[in-house]
Amino acid sequence: MSWSFLTRLLEEINNHSTFVGKVWLTVLIIFRIVLTAVGGESIYYDEQSKFTCNTQQPGCENVCYDAFAPLSHVRFWVFQIILITTPSIMYLGFAMHRIARQPEMQIRRSEKTKSKKRAPIIHRGAMRDYEEAEDNQEEDPMICEEEEPEKDSEKGDKKKHDGRRRIKQDGLMKVYVLQLLFRSVFEVGFLMGQYILYGFEVIPFFVCSRKPCPHTVDCFVSRPTEKTIFLLIMYAVSALCLFLNLCELFHLGIGGIRDALRQKKKELQESRKKTPSAPPNYHSVLKKGRLPNGKPVFPGNGVSEGFELPTHELDRLRQHLKLAQEHLDLAFHLNPTGDNTHASRSSSPESNSIAAEQNRLNLAQEKGVGNREKSGL
(Lines of atoms letter the chains of each structure in order from A and count residues from 1; the text may use other names and numbers.)
(Lines give C-alpha, C1' and ligand atoms only; values in the text may rest on other atoms or scores of the structure.)
Protein backbone atom coordinates (compact mmCIF):
# COMPACT_ATOMS: atom_id res chain seq x y z
CA MET A 1 0.00 0.00 0.00
CA SER A 2 1.41 3.40 -1.02
CA TRP A 3 1.18 6.26 1.50
CA SER A 4 3.27 8.82 -0.41
CA PHE A 5 0.33 10.81 -1.76
CA LEU A 6 -1.33 11.16 1.62
CA THR A 7 1.98 12.00 3.27
CA ARG A 8 2.70 14.81 0.78
CA LEU A 9 -0.72 16.30 1.40
CA LEU A 10 -0.24 16.20 5.14
CA GLU A 11 3.14 17.91 4.82
CA GLU A 12 1.43 20.86 3.15
CA ILE A 13 -0.89 21.17 6.14
CA ASN A 14 2.20 21.79 8.26
CA ASN A 15 2.65 25.17 6.56
CA HIS A 16 -0.85 26.37 7.49
CA SER A 17 -1.32 25.19 11.07
CA THR A 18 -0.41 26.15 14.62
CA PHE A 19 2.30 24.63 16.78
CA VAL A 20 -0.17 22.18 18.32
CA GLY A 21 -1.33 21.29 14.82
CA LYS A 22 2.24 20.46 13.84
CA VAL A 23 2.52 18.17 16.87
CA TRP A 24 -0.73 16.48 15.87
CA LEU A 25 0.59 15.97 12.35
CA THR A 26 3.78 14.40 13.71
CA VAL A 27 1.80 12.00 15.88
CA LEU A 28 -0.45 11.15 12.94
CA ILE A 29 2.40 10.38 10.55
CA ILE A 30 4.67 8.49 12.95
CA PHE A 31 2.28 6.70 15.29
CA ARG A 32 -0.60 6.11 12.92
CA ILE A 33 0.45 5.97 9.30
CA VAL A 34 3.88 4.41 9.80
CA LEU A 35 2.81 2.18 12.68
CA THR A 36 -0.26 0.92 10.83
CA ALA A 37 1.58 0.42 7.56
CA VAL A 38 4.63 -1.33 9.03
CA GLY A 39 3.54 -2.93 12.29
CA GLY A 40 -0.10 -3.62 11.54
CA GLU A 41 0.38 -5.43 8.27
CA SER A 42 3.22 -7.56 9.66
CA ILE A 43 1.18 -8.55 12.73
CA TYR A 44 -2.17 -9.10 11.03
CA TYR A 45 -1.03 -10.57 7.70
CA ASP A 46 -2.01 -14.11 8.82
CA GLU A 47 -4.99 -13.27 10.99
CA GLN A 48 -7.42 -15.33 8.90
CA SER A 49 -5.08 -18.08 7.73
CA LYS A 50 -4.02 -18.83 11.32
CA PHE A 51 -7.56 -18.62 12.67
CA THR A 52 -8.30 -22.32 13.20
CA CYS A 53 -11.39 -24.08 14.52
CA ASN A 54 -11.80 -27.67 15.74
CA THR A 55 -14.11 -28.72 12.93
CA GLN A 56 -13.87 -30.10 9.42
CA GLN A 57 -17.13 -28.59 8.24
CA PRO A 58 -16.48 -26.58 5.04
CA GLY A 59 -17.17 -22.87 5.49
CA CYS A 60 -17.39 -23.05 9.26
CA GLU A 61 -14.05 -21.29 9.84
CA ASN A 62 -14.97 -18.43 7.51
CA VAL A 63 -18.29 -17.88 9.24
CA CYS A 64 -16.68 -18.02 12.68
CA TYR A 65 -13.94 -15.56 11.66
CA ASP A 66 -16.60 -13.16 10.37
CA ALA A 67 -18.32 -13.37 13.75
CA PHE A 68 -15.00 -12.86 15.56
CA ALA A 69 -13.84 -9.86 13.48
CA PRO A 70 -16.62 -8.21 11.42
CA LEU A 71 -14.00 -5.67 10.28
CA SER A 72 -10.28 -6.32 10.20
CA HIS A 73 -8.25 -4.23 12.67
CA VAL A 74 -5.90 -2.93 9.99
CA ARG A 75 -8.71 -1.97 7.62
CA PHE A 76 -10.52 -0.23 10.47
CA TRP A 77 -7.43 1.85 11.30
CA VAL A 78 -6.79 2.69 7.64
CA PHE A 79 -10.38 3.89 7.28
CA GLN A 80 -9.94 5.89 10.51
CA ILE A 81 -6.80 7.60 9.17
CA ILE A 82 -8.47 8.50 5.88
CA LEU A 83 -11.61 9.88 7.46
CA ILE A 84 -9.79 11.86 10.16
CA THR A 85 -7.39 13.46 7.68
CA THR A 86 -10.20 14.39 5.28
CA PRO A 87 -11.12 17.66 7.10
CA SER A 88 -7.46 18.68 7.14
CA ILE A 89 -7.07 17.93 3.44
CA MET A 90 -10.21 19.93 2.63
CA TYR A 91 -8.89 22.80 4.76
CA LEU A 92 -5.59 22.63 2.88
CA GLY A 93 -7.35 22.87 -0.48
CA PHE A 94 -9.40 25.84 0.68
CA ALA A 95 -6.32 27.55 2.11
CA MET A 96 -4.32 27.13 -1.10
CA HIS A 97 -7.22 28.48 -3.15
CA ARG A 98 -7.73 31.42 -0.79
CA ILE A 99 -4.05 32.35 -0.60
CA ALA A 100 -3.63 32.05 -4.38
CA ARG A 101 -6.30 34.73 -4.82
CA GLN A 102 -4.75 37.16 -2.35
CA PRO A 103 -1.09 37.68 -3.30
CA GLU A 104 -1.55 41.38 -3.98
CA MET A 105 -3.41 41.95 -0.72
CA GLN A 106 -0.59 40.33 1.23
CA ILE A 107 2.00 42.52 -0.51
CA ARG A 108 0.00 45.66 0.24
CA ARG A 109 -0.45 44.63 3.85
CA SER A 110 3.27 44.03 4.29
CA GLU A 111 4.11 47.37 2.67
CA LYS A 112 1.70 49.18 4.98
CA THR A 113 3.22 47.62 8.06
CA LYS A 114 6.73 48.56 6.91
CA SER A 115 5.81 52.15 6.04
CA LYS A 116 3.99 52.87 9.27
CA LYS A 117 5.46 55.77 11.22
CA ARG A 118 4.81 56.92 14.71
CA ALA A 119 2.66 60.02 15.27
CA PRO A 120 4.54 63.28 15.94
CA ILE A 121 5.28 63.99 19.59
CA ILE A 122 4.09 67.27 21.10
CA HIS A 123 7.16 69.30 21.94
CA ARG A 124 7.69 72.75 23.41
CA GLY A 125 10.82 74.77 22.77
CA ALA A 126 13.31 75.32 25.56
CA MET A 127 12.91 79.13 25.46
CA ARG A 128 9.16 79.04 24.90
CA ASP A 129 8.25 79.96 28.48
CA TYR A 130 10.44 83.05 28.55
CA GLU A 131 9.19 84.19 25.15
CA GLU A 132 5.64 84.15 26.45
CA ALA A 133 6.71 86.23 29.44
CA GLU A 134 7.99 89.07 27.26
CA ASP A 135 4.51 90.58 26.82
CA ASN A 136 5.74 92.36 23.68
CA GLN A 137 2.42 91.91 21.80
CA GLU A 138 4.14 89.60 19.28
CA GLU A 139 2.68 86.30 18.12
CA ASP A 140 4.94 83.46 19.15
CA PRO A 141 5.35 80.50 16.75
CA MET A 142 3.17 77.51 17.62
CA ILE A 143 5.32 74.83 15.96
CA CYS A 144 8.96 74.12 16.26
CA GLU A 145 11.17 71.96 14.09
CA GLU A 146 12.95 69.05 15.64
CA GLU A 147 15.04 66.30 14.12
CA GLU A 148 13.53 62.89 14.61
CA PRO A 149 16.06 60.39 15.95
CA GLU A 150 16.62 57.35 13.78
CA LYS A 151 15.51 54.07 15.26
CA ASP A 152 16.43 50.55 14.44
CA SER A 153 14.20 49.35 11.65
CA GLU A 154 11.43 47.18 12.98
CA LYS A 155 13.40 46.29 16.06
CA GLY A 156 11.20 44.47 18.47
CA ASP A 157 8.17 44.67 16.17
CA LYS A 158 8.45 41.09 15.00
CA LYS A 159 6.69 38.90 17.50
CA LYS A 160 7.21 35.23 17.62
CA HIS A 161 4.04 33.32 16.96
CA ASP A 162 3.05 29.75 16.15
CA GLY A 163 1.01 30.31 12.98
CA ARG A 164 -2.22 31.48 14.62
CA ARG A 165 -1.79 35.09 13.49
CA ARG A 166 -0.90 33.97 9.98
CA ILE A 167 -4.07 31.88 9.81
CA LYS A 168 -6.06 34.86 11.08
CA GLN A 169 -4.45 37.28 8.61
CA ASP A 170 -5.22 34.95 5.71
CA GLY A 171 -8.87 34.76 6.75
CA LEU A 172 -8.74 31.01 7.45
CA MET A 173 -9.54 30.96 11.16
CA LYS A 174 -13.18 29.89 10.87
CA VAL A 175 -12.38 27.08 8.44
CA TYR A 176 -9.47 25.96 10.61
CA VAL A 177 -11.65 25.78 13.74
CA LEU A 178 -14.35 23.94 11.77
CA GLN A 179 -11.95 21.24 10.59
CA LEU A 180 -10.68 20.88 14.18
CA LEU A 181 -14.24 20.26 15.37
CA PHE A 182 -14.82 17.64 12.66
CA ARG A 183 -11.55 15.91 13.54
CA SER A 184 -12.50 15.78 17.21
CA VAL A 185 -15.95 14.37 16.43
CA PHE A 186 -14.44 11.69 14.18
CA GLU A 187 -11.91 10.75 16.86
CA VAL A 188 -14.64 10.27 19.44
CA GLY A 189 -16.73 8.25 16.98
CA PHE A 190 -13.88 5.92 16.05
CA LEU A 191 -12.90 5.41 19.68
CA MET A 192 -16.44 4.31 20.48
CA GLY A 193 -16.63 2.11 17.37
CA GLN A 194 -13.30 0.47 18.17
CA TYR A 195 -14.48 -0.32 21.68
CA ILE A 196 -17.78 -1.77 20.42
CA LEU A 197 -16.08 -3.95 17.79
CA TYR A 198 -12.95 -5.14 19.60
CA GLY A 199 -13.05 -4.09 23.25
CA PHE A 200 -9.68 -3.75 25.01
CA GLU A 201 -8.38 -7.29 24.49
CA VAL A 202 -7.93 -9.81 21.70
CA ILE A 203 -9.19 -13.06 23.24
CA PRO A 204 -7.07 -16.20 22.62
CA PHE A 205 -10.06 -18.39 21.67
CA PHE A 206 -13.54 -17.76 20.37
CA VAL A 207 -16.66 -19.90 20.77
CA CYS A 208 -18.73 -20.04 17.57
CA SER A 209 -22.17 -21.54 17.05
CA ARG A 210 -23.14 -20.10 13.68
CA LYS A 211 -24.39 -22.12 10.78
CA PRO A 212 -23.20 -24.12 8.87
CA CYS A 213 -21.22 -25.30 11.92
CA PRO A 214 -22.94 -28.53 13.09
CA HIS A 215 -22.38 -27.71 16.76
CA THR A 216 -20.57 -25.24 19.06
CA VAL A 217 -17.04 -24.81 17.75
CA ASP A 218 -13.93 -23.55 19.54
CA CYS A 219 -11.70 -21.32 17.41
CA PHE A 220 -8.19 -20.13 18.23
CA VAL A 221 -6.53 -16.79 17.38
CA SER A 222 -2.85 -16.45 16.47
CA ARG A 223 -0.62 -14.13 18.60
CA PRO A 224 -3.42 -12.74 20.82
CA THR A 225 -1.05 -11.03 23.28
CA GLU A 226 0.83 -9.16 20.55
CA LYS A 227 -2.40 -8.05 18.96
CA THR A 228 -3.75 -6.91 22.33
CA ILE A 229 -0.68 -4.73 22.91
CA PHE A 230 -0.98 -3.25 19.43
CA LEU A 231 -4.69 -2.58 19.99
CA LEU A 232 -3.98 -0.71 23.24
CA ILE A 233 -1.29 1.33 21.47
CA MET A 234 -3.82 2.41 18.86
CA TYR A 235 -6.25 3.37 21.63
CA ALA A 236 -3.54 5.52 23.21
CA VAL A 237 -2.69 7.17 19.88
CA SER A 238 -6.35 7.99 19.23
CA ALA A 239 -6.72 9.45 22.73
CA LEU A 240 -3.54 11.51 22.24
CA CYS A 241 -4.78 12.92 18.93
CA LEU A 242 -8.12 13.81 20.51
CA PHE A 243 -6.31 15.52 23.39
CA LEU A 244 -4.19 17.54 20.92
CA ASN A 245 -7.32 18.62 19.05
CA LEU A 246 -8.91 19.86 22.26
CA CYS A 247 -5.68 21.62 23.28
CA GLU A 248 -5.54 23.36 19.91
CA LEU A 249 -9.14 24.53 20.23
CA PHE A 250 -8.38 25.82 23.72
CA HIS A 251 -5.21 27.53 22.44
CA LEU A 252 -7.08 29.27 19.63
CA GLY A 253 -9.82 30.39 22.01
CA ILE A 254 -7.39 31.83 24.55
CA GLY A 255 -5.36 33.48 21.79
CA GLY A 256 -8.48 35.06 20.29
CA ILE A 257 -9.57 36.44 23.66
CA ARG A 258 -6.06 37.80 24.30
CA ASP A 259 -5.98 39.49 20.89
CA ALA A 260 -9.40 41.05 21.47
CA LEU A 261 -8.34 42.44 24.85
CA ARG A 262 -5.07 43.74 23.42
CA GLN A 263 -6.88 45.41 20.52
CA LYS A 264 -9.37 47.01 22.89
CA LYS A 265 -6.57 48.31 25.09
CA LYS A 266 -4.75 49.67 22.05
CA GLU A 267 -7.87 51.49 20.85
CA LEU A 268 -8.35 53.05 24.28
CA GLN A 269 -4.75 54.25 24.33
CA GLU A 270 -5.06 55.70 20.84
CA SER A 271 -8.28 57.51 21.74
CA ARG A 272 -6.58 59.07 24.76
CA LYS A 273 -3.55 60.18 22.74
CA LYS A 274 -5.34 62.04 19.97
CA THR A 275 -3.17 65.04 19.06
CA PRO A 276 -3.34 67.77 16.37
CA SER A 277 -1.61 66.89 13.15
CA ALA A 278 1.59 68.65 12.13
CA PRO A 279 3.61 68.99 8.92
CA PRO A 280 6.42 66.47 8.27
CA ASN A 281 9.49 66.90 10.48
CA TYR A 282 7.57 69.29 12.74
CA HIS A 283 6.00 68.80 16.14
CA SER A 284 2.79 70.63 17.01
CA VAL A 285 2.37 72.41 20.33
CA LEU A 286 -0.62 73.89 22.09
CA LYS A 287 -0.82 77.45 23.36
CA LYS A 288 -0.31 77.48 27.10
CA GLY A 289 -3.02 78.97 29.26
CA ARG A 290 -2.71 81.93 31.56
CA LEU A 291 -3.85 82.60 35.06
CA PRO A 292 -6.77 85.01 35.73
CA ASN A 293 -4.28 87.79 36.49
CA GLY A 294 -2.80 87.45 32.99
CA LYS A 295 0.45 85.78 34.04
CA PRO A 296 1.66 82.69 32.17
CA VAL A 297 1.96 79.26 33.73
CA PHE A 298 5.37 77.66 33.23
CA PRO A 299 5.78 73.86 33.39
CA GLY A 300 9.14 73.98 35.14
CA ASN A 301 8.91 77.05 37.34
CA GLY A 302 7.53 75.26 40.37
CA VAL A 303 4.13 77.03 40.30
CA SER A 304 1.25 74.73 39.57
CA GLU A 305 -1.78 73.33 41.26
CA GLY A 306 -0.95 71.77 44.57
CA PHE A 307 2.67 72.97 44.58
CA GLU A 308 4.26 75.75 46.68
CA LEU A 309 7.86 76.99 46.79
CA PRO A 310 9.64 76.70 50.15
CA THR A 311 10.47 79.85 52.14
CA HIS A 312 14.21 79.64 51.55
CA GLU A 313 13.60 79.42 47.79
CA LEU A 314 11.50 82.58 47.90
CA ASP A 315 14.22 84.41 49.84
CA ARG A 316 16.83 83.26 47.35
CA LEU A 317 14.70 84.51 44.43
CA ARG A 318 14.18 87.90 46.12
CA GLN A 319 17.94 88.33 46.60
CA HIS A 320 18.61 87.33 43.03
CA LEU A 321 16.02 89.76 41.68
CA LYS A 322 17.32 92.56 43.88
CA LEU A 323 20.88 92.13 42.62
CA ALA A 324 19.73 91.93 39.01
CA GLN A 325 17.64 95.08 39.43
CA GLU A 326 20.61 96.95 40.88
CA HIS A 327 22.76 95.92 37.90
CA LEU A 328 20.10 97.12 35.47
CA ASP A 329 19.72 100.47 37.28
CA LEU A 330 23.47 100.98 37.21
CA ALA A 331 23.60 100.21 33.50
CA PHE A 332 20.67 102.55 32.88
CA HIS A 333 22.37 105.49 34.63
CA LEU A 334 25.67 104.90 32.83
CA ASN A 335 23.99 104.77 29.37
CA PRO A 336 24.08 108.26 27.80
CA THR A 337 21.20 107.61 25.32
CA GLY A 338 17.79 109.01 25.93
CA ASP A 339 14.52 107.65 24.55
CA ASN A 340 16.04 104.49 23.13
CA THR A 341 17.23 103.49 26.57
CA HIS A 342 13.80 102.59 27.83
CA ALA A 343 13.06 100.55 24.75
CA SER A 344 16.38 98.67 24.85
CA ARG A 345 15.99 98.11 28.57
CA SER A 346 12.53 96.66 28.25
CA SER A 347 13.47 94.42 25.33
CA SER A 348 16.88 93.15 26.51
CA PRO A 349 17.29 89.44 27.33
CA GLU A 350 18.24 90.27 30.91
CA SER A 351 15.04 92.26 31.33
CA ASN A 352 13.02 89.39 29.92
CA SER A 353 14.59 86.85 32.26
CA ILE A 354 14.10 89.16 35.26
CA ALA A 355 10.46 89.69 34.29
CA ALA A 356 9.98 85.95 34.12
CA GLU A 357 11.61 85.49 37.51
CA GLN A 358 9.45 88.30 38.94
CA ASN A 359 6.30 86.64 37.61
CA ARG A 360 7.43 83.38 39.09
CA LEU A 361 7.99 84.98 42.49
CA ASN A 362 4.64 86.78 42.42
CA LEU A 363 2.77 83.60 41.59
CA ALA A 364 4.54 81.71 44.35
CA GLN A 365 3.67 84.42 46.86
CA GLU A 366 0.03 84.48 45.76
CA LYS A 367 -0.12 80.69 46.05
CA GLY A 368 1.35 80.82 49.55
CA VAL A 369 -1.13 83.48 50.69
CA GLY A 370 -4.04 81.49 49.29
CA ASN A 371 -2.91 78.33 51.07
CA ARG A 372 -2.54 80.18 54.37
CA GLU A 373 -6.00 81.67 54.03
CA LYS A 374 -7.45 78.21 53.36
CA SER A 375 -5.64 76.74 56.36
CA GLY A 376 -6.86 79.66 58.54
CA LEU A 377 -10.45 78.96 57.52
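Glycine is treated like the rest: Cβ placed from N, Cα and C.
Annotation source Swiss-Prot lists compositional bias 'Acidic residues' at 131-151.
Taken from Swiss-Prot, the feature compositional bias 'Polar residues' covers 337-362.
According to Swiss-Prot, the feature region 'Disordered' maps to 129-163 (among others).
Under the heading region 'Disordered', Swiss-Prot lists 265-294 (among others).
According to Swiss-Prot, the feature region 'Disordered' maps to 334-377 (among others).
Residues or ranges marked as topological domain 'Cytoplasmic' in Swiss-Prot: 1-18 (among others).
Here the topological domain 'Extracellular' (40-75) has Cβ contacts under 8 Å with residues 1, 197-198, 206, 208, 210-214, 217-223, 226-227, 230-231 of the same chain, all six or more residues outside its ends. Residues annotated as topological domain 'Extracellular' in Swiss-Prot: 40-75 (among others).
Along the topological domain 'Cytoplasmic' (97-174), the predicted structure has mean pLDDT 57. Annotated topological domain 'Cytoplasmic' per Swiss-Prot: 97-174 (among others), in sequence order.
Note on the topological domain 'Extracellular' (198-228): residues 43-44, 46-47, 50-55, 57-61, 63-65, 67-69, 73, 235 of its chain, located 6 or more positions outside it, place their CB under 8 angstroms from a CB of the stretch. Feature annotation from Swiss-Prot assigns topological domain 'Extracellular' to 198-228 (among others); the stated evidence is sequence analysis.
Residues or ranges marked as topological domain 'Cytoplasmic' by Swiss-Prot: 250-377 (among others).
Annotation comment: Swiss-Prot describes 19-39 (among others) as transmembrane segment.
Residues or ranges marked as transmembrane segment in Swiss-Prot (evidence: sequence analysis): 76-96 (among others).
What Swiss-Prot lists as transmembrane segment is 175-197 (among others).
According to Swiss-Prot, the feature transmembrane segment maps to 229-249 (among others), an assignment based on sequence analysis.
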